[in-house]
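What Swiss-Prot says about this one:
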BINDING   Cys242, Cys253, Cys256, Cys258  [2Fe-2S] cluster binding site
BINDING   Cys301, Cys304, Cys312, Cys315  [4Fe-4S] cluster binding site
COMPBIAS  190-203  compositional bias 'Acidic residues'
COMPBIAS  213-223  compositional bias 'Acidic residues'
REGION    1-165  region 'N-terminal SAM-like domain'
REGION    166-232  region 'Linker'
REGION    181-223  region 'Disordered'
REGION    242-258  region 'Fe-S binding site A'
REGION    301-315  region 'Fe-S binding site B'
MOTIF     301-304  motif 'Cx2C motif 1'
MOTIF     312-315  motif 'Cx2C motif 2'
Amino acid sequence: MAKSGLLLIHPAITTTPEEVEKAKADAVAADVKIANQFLINKVNEGSVKLQKGIYDVIYYLTPEAPDAILFPKKLIGALNEALKVGGVLYGLSDKYKIDALVNDFDIVSDSGKYHWVKKVNMAVKAEPVAVPLKKSEKSEPSKTLPSFKKAGESKLPSFKKAANKPLPTFKKKVEEAKPKVEARVHKAENDDDELEDEEDENLFDASRSKYFDEDDSESLDEDDLLNEEDAKNIGGITMITCGKSKTKKKKACKDCSCGIKEEEEAEIDNIRSQQDTVVKFTEDELTEIDFTIDGKKVGGCGSCSLGDAFRCTGCPYLGLPAFKPGEPINLDSITDDL
């Protein structure tokens, strides 16, 4: 007897009807009769409903590659219900392997064509079976339970009440009064503190006096501490030896009052005046280097009026602002530097 089959078609496969005919021919060769043929989108929308447990084989025909198949996962459970126990589903790949296991499919890929098989143990539900209980052939005589006699009521022991005797009385021991001990406090007077301070000062003075002997026999004369060279310079004048001429020269003390300090200041002023006369320029000499006056000598660059960026390293106008050609420039401010 031929198996009942279902053919589900992808909408894109309708453009190649030869693929559909080939799939039907393969089914007939496998002894499968295609009972129904539906578009997968119709089943997904619910316009076509599959009956439960009537198909032995379901074929899904799609032009997609096995790794790129797009199949609605909710239909995997519906296809499982449409198959009979042990039914086979062709056309899906390992991309939906987890969904197949969840919906009670076994995956077969070892031999032949890859397919899914509906599990038998999950589809068939075990029905409850009644098991009769057999009685034992030899009926054992019923055993009577042991009987227990109620213990006789025994009389409780009786106790005689003791005679009422008065309790012994105890007198509180009288505590002997302890003699009060007054704390002896020695009150120090202020006079004692003053006496102690005076005694400490006397001891301190006595300890210091041993380092200061007032004997006149050990006093030194201050003149005995000076040597001959110190005696010569006792006048307060310091002699300085010149590094070139090797001659000694007097130098005034810090608080000189003998007139040597004034002589040194006059000598310094004389040297300064001689230096000023050596490097001082006359007005004509200053005019010769004035580049702004026509007919006078000019610098090699001729750009002194443009500013420091255009002046030579030895230009006398360095540091001055830029000026117009022909504008008189006063160089008195730099005479001290020349």
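Glycine is no exception: its Cβ is also placed from the backbone N, Cα and C atoms.
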By a 10 A CB contact count over all chains shown, which of the binding-site residues listed here is most packed: Cys253, Cys258, Cys312, Cys315?
Cys315
At the level of the C-alpha atoms, what whole-angstrom distance separates Cys256 ([2Fe-2S] cluster binding site) and Cys312 ([4Fe-4S] cluster binding site)?
51
Do me a favour and check the Cα-Cα span between Cys304 ([4Fe-4S] cluster binding site) and Cys253 ([2Fe-2S] cluster binding site); whole Å is fine.
52
Counting other Cβ atoms within 10 Å of each residue's Cβ, which of the binding-site residues Cys256, Cys304 comes out lowest?
Cys256
Work out the three-state DSSP category of Cys304 ([4Fe-4S] cluster binding site).
helix
Pop the mean pLDDT for the region 'N-terminal SAM-like domain' (1-165) in here, whole number is fine.
80
Reported in the order helix, strand, coil, what are the DSSP residue counts of the motif 'Cx2C motif 2' (312-315)?
0 helix, 0 strand, 4 coil
Inter-residue C-alpha distance, Cys315 ([4Fe-4S] cluster binding site) and Cys253 ([2Fe-2S] cluster binding site) (nearest angstrom):
46
Whole-number answer please: how many Å between the C-alpha atoms of Cys253 ([2Fe-2S] cluster binding site) and Cys312 ([4Fe-4S] cluster binding site)?
49
